[in-house]
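The block underneath contains the structure these notes are about, expressed in structure tokens.
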Ligand code: HPA
Ligand code: ZN
């Protein structure tokens, strides 16, 4: 039995496996520019975040109908359940779909068909986080939040993703203020490729409660002290960092130093269909390559529940954490 955990940094479009992409393309009468899944997999060699995003946006064009989004989410939930996930807070990128003429309702209600039944079907509680694309305009983000208003009962929070450098958090001050006024939780990608200042800005200007990646905080001692003092969770994605060349090799990953510094780190998969593994695979990889002790692995799992948006259900959070404490490694 795998270590129980929450996954807090997972782009649902990044769970689109080549086999499902080809199946959805066929179902929707679309032709992909790759001959087959093998040829597509050969394209999964990335130089940096942008080279990944180019493929990520191209492949997700096979997602057209509610059924497509439901199938995508169910495929992820089944894999996550097999790797010990008890709770998943799932990002989606509506602007990438709206731009292709797919309605907000198709995306959200399609995902919800899987998420709403996830506890019964997969034993996983879920939350949905709407991400704004930071390489689109602030006005587009505001229009996207507006389009989401009929579906807010399905949405727990907002986030910020896509190409980071040159798109500082301050660009999205207004939409994050509007989201907060609607009672939405706030997170943002910061310090993946962007500088430590983007992390500070995400906290101070956007009011985020959690930082996605946040890796580059390690370049600023005062920022690390602040993140420790304020117990700001970081959602790290080790295999993603290797594939997008944020770190040279997994053995160079700063996770052990971050834990030693007292940071509230979590381990997640980001875009598991593209980066070589789901969240359990990320745990296994850091355990092996970074020599993490069982106590450290338990700490990461405990942190994932502490960092999750389960405030409405403290009894559930306590139950998940008790499972972690009772877990024995085989
Ligand atoms: N970083 C930024 N944007 C993204 C990512 C990521 O790792 N995955 C999907 N969108
Ligand atoms: Zn991400």
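Glycine is no exception: its Cβ is also placed from the backbone N, Cα and C atoms.
TrEMBL lists 9, 11, 189 as Zn(2+)-binding residues, and of the candidates 260, 270, 281 the one it assigns to that same site is 270.
Excluding 9, 11, 189, 270 themselves, the residues of that chain whose CB lies within 8 A of the CB mean position for the Zn(2+) site are, in sequence, 10, 14, 91, 161, 212, 213, 235, 237, 240, 268, 271. Long-range Cβ proximity for residue 213 (site 'Important for catalytic activity'), meaning a same-chain Cβ under 8 A and a gap of 6 or more residues, is found for 9, 189, 190, 191, 192, 234, 235, 236, 237, 241, 246. All protein chains considered, the CB of residue 9 (Zn(2+) binding site) has 30 other CB atoms within 10 Å. When averaged over the domain 'Adenosine deaminase' (4-317), pLDDT in the model lands at 98. Note: the Cα of residue 11 (Zn(2+) binding site) and the Cα of residue 271 (substrate binding site) are spaced 6 Å from each other. Screening the recorded positions 192, 213, 270, 271 for a C-beta under 6 A from any atom of ligand 2 leaves 270.
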